[in-house]
Every structure is written in structure tokens, then in C-alpha cells.
Amino acid sequence: MLSNLNTPQREAVKYLDGPLLVLAGAGSGKTRVITRKIAYLVRECDFDARHIAAITFTNKAAREMRERVGELLDGKQAKGMTISTFHSLGLAILRQEARALGYKPQFSVLDAADAAGILAEIIKTTDKQVLRRAAGRISNWKNALLTPAGAEQAAEDEADAQVARAYHSYQATLKAYQAMDFDDLIRLPVDLFRSEADVLTRWQGRLRYLLVDEYQDTNGAQYELMKLLAGPMGRFTAVGDDDQAIYAWRGADVENLRRLGEDYPNLKLIPLTQNYRSSRRILDAANRVIRHNSRLHDKNLWSELGHGDPIQTVECKDDRHEAETVAVRIDAHRFQVRGRYADYAVLYRGNHQARVIEEAFRAAKIPYLLSGGQSFFDRAEIKDITAYLRLIANPDDDPAFIRAATTPRRGIGPSTLERLGHYAAERHVSLFAAMFEEGAKAALAAKQLHPLLEFGEFINRLAFRAEREAAGTVLDEMLGAIRYETWLYDSEDERAARGKWENVREFVDWLTRKGEEEGKSLVELSQTVALMSLLEGRSEDEVDAVRLSTLHAAKGLEFPHVFLVGVEEEILPHRECLEGSRLEEERRLMYVGITRAQRSLTLTWCKRRKRGQEWLPCDPSRFLAELDDGDVKRAGDTLAPEAAKAAGKRRLADLKAMLGG
Ligand code: ATP
Ligand code: MG
């Protein structure tokens, strides 16, 4: 447990006398400190695993950490340990304490799209910009732990006050649906702990030691939750890097680093300075870039790994050329070193940049995995199935009711739903409850009521079984009963239908497995699903494929070879963030990108880019100049598409020769 740790790392693992903050640069082993410390607590300090909670930034990171810890502890020792995101932890707390907050334990968790749908109806707008701004504002209020009333008081002008009133209706609607949005998963536990001392004490007894990774990106509400759980003694280890704070736009606040020192005067600070991830040229480039920010202190990261390959920059004609260049280079390099696709990552600032790269990879037959993009869970077919699951768990979830009742079509049309909705609103009950009431008979025609009741009874039967039988069995029967596959083939062309059905099967298999492994019922699983969509998707560990990821989603990860694309002014830094603190956040994003690389780093930029119908000239990012110490290798148009094709053919010939064909 203490082997392969340097002196300060070992000190951090063993330190238990009070609150601890490990503040250190990228690749210095912060995450390693957390995994080792978990094992240390269990094996050396006789902690029961159930009393330990480790908090990571993404579900993917949680999964990785669970695997690491699994290598250090046997199954029995690790049993009952909490390794999750703040959101999953909040959900676990709320599931047990829902009643105290006026919720049923089977409340629904809405994803961002469903939440936006509810808000759109309240502020009566279809303008995406307006909607996004209002949603963002409400989210910020929630993360600052403001109630609707508090928000109205804090509102800066009349427009803001209007949003605050929308926040009020939005919250009331969520409550009526017995639903929560992502921010509620943090805010409500905090509310609860602040008002119910005995509940807090119980949870403090349950989780006796907290370990928090990527602490620099916690927001106000998350910090408060951590503080409450850790108690006045501050039983926690937090690790983070202020140079990697990249979530200010979502309410994260680096100020929380400073507050930690104020709130815990006995906070112990341990710096780490040796980087174990990157070769020296990469590390030096990262250090040079981040030095342009105004920072509290220089971390002076150093590395014992060799100099490594020079960093390369490639100037490309346009984004298609850029994508093809990356494809060719990856293919050629992989062939040269007989490596794996999984050793390569292509990172970019915005999701929209992925499309051309995907196209080029498909053309070049390079397998790839997309993360941080449109999530698997945002697909229509997955949301259809999820609507059923939500409804089974929580019949008051009206948005889920509408989606499930009408997909596949079963004779419940808009006019039926409108009348039912009207009646339900008058009676202050959910759609589901309304149709079983006597009055519904008067409000609806018999041929409207009949399919509704049939649907309602179907859901009731499923709900009954979902609590008693294995998730997989119930799911399979449900899919059969609603004839989802047939409906897909009836309403889409064959290829699309097949693709969607495969996704549904994969989803169902995944749920089935999860149900078996974690001993969870379908009802419990349905709540996890909404959370899974929050930051990432499925398990992808064993697949040999190039990783395509946004810079944000790549945080905490490492890859032998990294391609950073679109390193241009107005992309990275983003055109809305060219000044002040926002520019500094972009620079930190660049720093995160560079420091993902272990052995090689290639940065590409385009001379022109299409915006709408127009070609616009682009400039290389200022960050390229900042990282350049004269040692950076520049490649021009050396690999034009024609040359690339020729190279491809040659490779194929080589390969055939090698195989003796
Ligand atoms: P980031 O800031 O990017 O999250 P980090 O500080 O969490 O980085 P880790 O991911 O924990 O860094 O470690 C980076 C790499 O260095 C990992 O591959 C890890 O296994 C390795 N490493 C960490 N500490 C040591 C050590 N003492 N000896 C050898 N390898 C180490
Ligand atoms: Mg880390």
C-alpha cells in the first residue's frame, strides 16, 4: 500500500490527525494518494469499508477508482464502500431520507433535457438562448444554496426577478412530479442536514472518512455537503489543483480552496511536485503555458522521465484536412510502434468538433470511442425505455407518463392527454392518479379512457413485479409487451431501426448485469440511469479504440499519445472567453489538455474554417506561442490527402507481405 509512493505521498496517505489538502499539479499522483489511502484505512487502521466515502468527478473516474481499490483490497474488505460522484452520493442520501423532504423514496431524477422542457413551459419560450440562460441562472442559484425566495431577493434587475419567479414555479412543478433535477441532488441533502441535526449525526456516523478528488471543481453546494458530512473535526482528505479548475461556468468556485483554509484553521497542506505521467518536454510546455496565468504559486513540477519526443504542431488547410491528418498520423504511428488504438486520444474544445473527426476515422476504418459527447443516454430510444422505468418507480412523473403512454402509440392521443391533463390540474393530482379517479370517466370519452386504463394497469403490474423479480426478467417482458422492436421497424428505415434496437438491447443487458452485480431492483436502477447521463456513458475500458473526448471530459485521465485539435484563436481560447478570468480558465483547459499526454503530444490548427456558409481565416492559438520554446517541431502540409492514401496503400501491401499473402 505504501510501496511506489514518494515521501510526501506517503505522508498524505498516513496523515489522519485532521483535515488534509493535497494541492499539486497534474500527474503528480493525487488520485493515487486517494486510492492508496482508502486501502490504508481499511488494512492498517481497521476502518470498515462502509465508513469510507471517496468522491470523484465523473462516474467513469469512480469506476476506475473502484478498480484500483479492488486491486488493493479483497472483495470482503471493500464491501459497502462508497466510491461515487457528489451527485450519486446525494442520490443515495435522498433515497433514504426522501420522506423528510416531502418526497417519496422513488422520486424521479430528471436529466437536463427534461428539466429544460419543464422550464420552457413555465417561461413560455422556444428561444433556446433565453431558455439556456434561465436554466443556467437557476442552476447557479441552486449551487449557491439559494431558495426561490432568496433568489428573488438577490435578483439584480426585473428580468432577473422574473427568472427567480420562474425558479419558484419550476421547483413547485418538480415537486408535483415527485422529481428532482441534478442540482437538487446536492442542494436537498444540504437543506436536510442543516435542518435535521439527528439526520446529519446519523450520516456522519455512517461516513466517517471522506476523500475528495478534483476538489478545485467543487461548487458551493458540494463544498457545503462535504463540510457537513466531514463534521467540525474535518475528517477528510481533499486533493486538487487550482491550475486545473475548469468548471467555473458550471458554478464551481476555486475560492473553495481558500475557504477550506479559513473553515479549518488546522488544515494540513501537502504539496507534491514530482510528475510521473509525462515526458519532460510535455511537462515543460505545460508549465510554460500555465505560467501566463496569475497564480497563487508556481508548482514547479518536474519529471524523471526522459525528454521524450519533441512536441509537434501541424498547420492544416481546414478542419477536414485536420481530421484526415490526425487519422493518417495515428494509423501510421500505431503501425510503426505496433501499438494499440486505445493508446491515442484526440481532444477538442467543443463537442461540435467531433463530427469531422468521426467521419475521417470511419473513412480510415479507425475504431473510436466518443466520450463527453451526445451521451448514449440522450438517445431517443434509450429515453423511451427510461421513461417506462421512471414511471414504474414513480407514477407521478408526468413527463415520463406522457412519453411512455405515447411511445409506442397505443391509442392515447394529444386530445386525450389534454383532457386528462386539464382534469389532473384541477384536482392537483398527477396524470397517472387522475385516470383512476371516478371523475375521469366524466371528463373523458369511453374510447379515450379505455386505452389509458389499460396502460395504467400495465404499469401497475410491472411496478409490482419490479420490486420482486430480477431486473432483467421484468425488462425483457416489458419490451415484449410494448412491442418496441416491431414499432421501431415500423416507424424507421431498417438500418436506423436496427441500430436503435441494438442500443436498446445493450442498455437492457447493461441494466440486467448491473442489477445482478449490485443486487438492485429495477426501481433502484431507474434512478441511477438518469445520473449516468450526467457526465459520461458506458463501460469502455476493454475496447481497443481511439478516444475522442472534449477537454472537459478528459480531466484526470492520461493517454500515451495525445492529439489536441483546433488549437486556434476563438476555439481555444473560445471566442466568448478572450479576456480576464475567462481567458485564464481557457488557459487552464489548455493545461489540462497538454498534461493528459504521457509520451507524445501533437497540436493541430486550421488556416480556415467554415462558419455558416462562409470560409473564415483562423489564427493559431496564442497558447501555441506560449508553449513554444523553440524546440517545437512544426509540420506543414507534409501529409496531403493524396500522399496519405498512397501511404495507406503501401501499408496494406506491407501488411499483406508480413502475413505472407
Ligand atoms: P491529475 O491532476 O491529472 O488528476 P494526478 O495528480 O491525479 O493527475 P495520478 O493520476 O494519480 O496523478 O498519477 C499520474 C500517473 O503517475 C499515474 O499513472 C500514476 O500511476 C503514476 N504515479 C503516481 N505516483 C507515482 C509514484 N510514486 N511512482 C510511480 N508512479 C506514480
Ligand atoms: Mg487525478
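Each Cβ is built from the backbone N, Cα and C atoms, and glycine gets one as well.
What TrEMBL says about this one:
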{"type": "BINDING", "residues": "ALA24, GLY25, ALA26, GLY27, SER28, GLY29, LYS30, THR31, ARG277", "note": "ATP binding site"}
{"type": "DOMAIN", "residues": "3-279", "note": "domain 'UvrD-like helicase ATP-binding'"}
{"type": "DOMAIN", "residues": "280-556", "note": "domain 'UvrD-like helicase C-terminal'"}
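Apart from ALA24, GLY25, ALA26, GLY27, SER28, GLY29, LYS30, THR31, ARG277, the ATP site neighbourhood in this chain, defined by C-beta within 8 angstroms of the site C-beta centre, holds ASP241, LEU272, ASN275, TYR276, LEU301. Listed in sequence order, the binding-site residues among ALA24, ALA26, LYS30, ARG277 whose CB lies under 6 angstroms from an atom of ligand 2 come out as LYS30. Mean model confidence of the domain 'UvrD-like helicase ATP-binding' (3-279) amounts to 92 (pLDDT, 0 to 100 scale).
Counting other Cβ atoms within 10 Å of each Cβ, the binding-site residues LYS30, ARG277 show the lowest value at ARG277. The Cβ of ALA26 (ATP binding site) lies under 8 Å from the Cβ of ASP241, ASP243, GLN244, ASN275, ARG277, SER278, ALA286, LEU301, TYR591, VAL592, THR595, each of which sits 6+ residues away along the same chain. Binding-site extent for ATP: residues ALA24, GLY25, ALA26, GLY27, SER28, GLY29, LYS30, THR31, ARG277, maximum pairwise Cα distance 13 Å (rounded to the nearest whole number). Long-range Cβ proximity for ALA24 (ATP binding site), meaning a same-chain Cβ under 8 A and a gap of 6 or more residues, is found for LYS30, VAL239, ASP241, PRO271, LEU272, THR273, LYS299.
SER28 (ATP binding site) falls outside any helix or strand according to DSSP and counts as coil.
The number of other CB atoms found within 10 A of the CB of SER28 (ATP binding site), across every protein chain shown, is 28.
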